[in-house]
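Record features (TrEMBL):
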- 6-26: transmembrane segment (TRANSMEM)
- 52-71: transmembrane segment (TRANSMEM)
- 77-94: transmembrane segment (TRANSMEM)
- 115-137: transmembrane segment (TRANSMEM)
- 149-171: transmembrane segment (TRANSMEM)
- 183-203: transmembrane segment (TRANSMEM)
- 223-242: transmembrane segment (TRANSMEM)
């Protein structure tokens, strides 16, 4: 939606990685022994944290406003505002249980299209915002256009799609699931951050690797703004139609 051609290629990589990840999960269920489910948090004699959760949440909310006020007093109003925006974003995605993994997993596992449709529409809506900002010159065309076309976008999308199927969460979904105490997602967030830092360091150190990954490609430079908008709308419109059709037919649902 940031008018990057690398983003469209990454979308293809995500789909391919999600399909392979789902295939692997099916294979794992058939060939590897399954562990027993974890015990309940409300064990006998233990503390029932559900009783205290609302009060702890209210305490965190008050602390966020307090810290935001401190930032404002230090002439860092923008930083305080970003803190509150991040808090609001976290609350929204946790309460709505929103996670991008469902947009790429459900169409091929259960045939459900709800999140796939939502993601397609949200990308098209956000596209209009990016066009307004970049076409009018409020933000430069290079904003959020990464230097990854085409190999970096395709390979990165594939690895991320495969990994989020195994972990059960995307970038944002992993954060709120980790905060809920899911050990697998806690480990996923830690190693996701570490691998991101490590690979970024390698890119900075080795110029050849950076050139191999790709170059930044802004669609309006190739197609003009109207052409770029039409291409992206057609791309995600096609995915919208595909997941809707697949929900009715189960044609793309993978058999175990």
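In case you wondered, yes, glycine gets a Cβ from its N, Cα and C as well.
Using the rule of three or more Cβ pairs under 8 Å, pairs at least 6 apart in sequence, the transmembrane segment (6-26) is in contact with the transmembrane segment (223-242). Here the transmembrane segment (223-242) lies next to the transmembrane segment (115-137) in space: the count of CB pairs under 8 Å, restricted to residues six or more apart, reaches at least 3. The stretches the transmembrane segment (149-171) and the transmembrane segment (183-203) meet in space: the count of Cβ pairs below 8 angstroms, excluding pairs fewer than 6 apart in sequence, reaches at least three.
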